[in-house]
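If you look up Swiss-Prot, you'll see E58 marked as active site. Under the heading heme o binding site, Swiss-Prot lists H61, H123. According to Swiss-Prot, the feature heme b binding site maps to H213, H275, an assignment based on sequence analysis. According to Swiss-Prot, the feature disulfide bond maps to C35-C42, C189-C195, an assignment based on sequence analysis. According to Swiss-Prot, the topological domain 'Cytoplasmic' annotation covers 1-6, 84-91, 143-159, 233-242, 293-313, on the basis of sequence analysis. The topological domain 'Extracellular' annotation in Swiss-Prot covers 28-62, 113-121, 181-211, 264-271 and rests on sequence analysis. What Swiss-Prot records for 7-27, 63-83, 92-112, 122-142, 160-180, 212-232, 243-263, 272-292 is transmembrane segment.
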Amino acid sequence: MQRFIKWLAVITSLDLLGVLLGGALVTKTDSGQGCGKSWPLCNGELVPSNLSMETIIELSHRLTSGSAGILVTLLCILSWKYYKHVRETKPLAILSFVFLVAQALMGAAAVVWGQVPAVLAIHFGISLISFASVILLACLIFEIDKKFDARSLIMDKKMKFHIYGVTIYSYLVVYTGALVRHERASLACPEFPLCSKNRPWPTQLHEWVQMGHRVAAILLFAWIVYAMILAIRHYKQERVVYLGWITSFILVTLQAIVGILVVYTNASLTMALLHSLFISCLFAVLCYLVMLGTRSKVNAKQTTSTENKRFFS
């Protein structure tokens, strides 16, 4: 059964990644109304008779989301049953399921009541939490903790501050990026790092949205670089923290490069999908560090309690 659950965790993670990338594809190709304003039917039909490319893309995204719902539900039930001894299993299972349902409802609302940019940005953010929760469940199922000896990890307050802070801030940056996409502001500023050679500063809404995202992303990059330097200096012996920040740095660097290429490739589909892929992976890595941070607090209390017992015995 454990082998089956491991395979299920991998397939579910890939399916949810497909949901995220599929959503980006729907937005990029303007296929949000590919099935009209009907949901869960497509143009009022179970199997649409007229299959345009927009209809195929939107319908594929719905089918992927539907299969993800089934897989996540099954994974949550099995992990709850067979891995309930692990402290984080139950909350992660609840998060995975609740946020998957929430993103499905948000997607349905976007179809029925119109493509509001702010709502679509929230839709992507909610999907990201569900994806990260499933990735963390998969890490628990594959016992990544044992491989990195992370169960007894203790971090200082400074490192935990950077982990929590970067993760929360990265989530806000994700919203600014999603807003750029849904406001169709990807090419509002044709130059980098400033808006344009003739007008370095934004003058209208779409330019402000684009430049706001750039500033937020640059700050995120700088924060991750600083946190990585701290990890290299003080946590080289704790491989999971050390490698976690190095991985985050690699992903945020790739994210930045692809973001710049989005501008210079006229927002090509490949660059847009890679942009969504790298930020999804980065957020999952940061969430794993958050889980380690919460565990560190418990480990510190247990260590203090053990030392007190030894002192008074």
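Positions of Cβ are set from backbone N, Cα and C atoms, glycine also.
Through the fold, the transmembrane segment (160-180) approaches residues 117-118, 120-122, 124-125, 128, 186, 209-210, 212-213, 216-217, 219-220, 223-224, 226-227, 230, 248, 275, 279, 282-283, 286-287, 289-290, 292-293, 296-297 of its own chain, all at least 6 residues removed from its boundaries and within a Cβ separation under 8 Å. The transmembrane segment (122-142) shares more Cβ pairs under 8 Å with 7-27 than with any other stretch in the list 7-27, 63-83, 212-232, 243-263, 272-292. Closest to C189 (disulfide bond) by Cα-Cα distance, out of the recorded positions E58, H61, H123, H213, H275, is H213. Using C42 (disulfide bond) as the reference Cα, a 10 A cut-off selects E58 from the recorded positions E58, H123, H275. Cα spacing between H275 (heme b binding site) and C35 (disulfide bond): 26 Å, rounded to the nearest whole number. Long-range Cβ contacts of the transmembrane segment (243-263) within its own chain (Cβ-Cβ under 8 Å, at least 6 residues beyond either end) map to 148, 166, 186-187, 189-192, 217, 220-221, 224-225, 227-228, 230-232, 271-272, 274-275, 278-279, 281-282, 285-286, 288-289, 292. Residues 34, 57-58, 60-61, 64-65, 67-68, 71-72, 74-75, 78-79, 100, 103, 107, 120, 123-124, 127-128, 130-131, 134-135, 137-138, 141-142, 181-182, 269, 272-273, 275-277, 280 of the same chain sit 6 or more residues outside the transmembrane segment (7-27) yet have a Cβ under 8 Å from a Cβ within it. Cα separation, H61 (heme o binding site) to C195 (disulfide bond), rounded: 33 Å. Listed in sequence order, the recorded positions from C35, C195, H213 having a Cα within 10 Å of the Cα of H123 (heme o binding site) amount to none. All protein chains considered, the CB of C35 (disulfide bond) has 23 other CB atoms within 10 Å. When Cα-Cα distances from H213 (heme b binding site) are compared across the recorded positions C35, E58, C195, the shortest belongs to C195.
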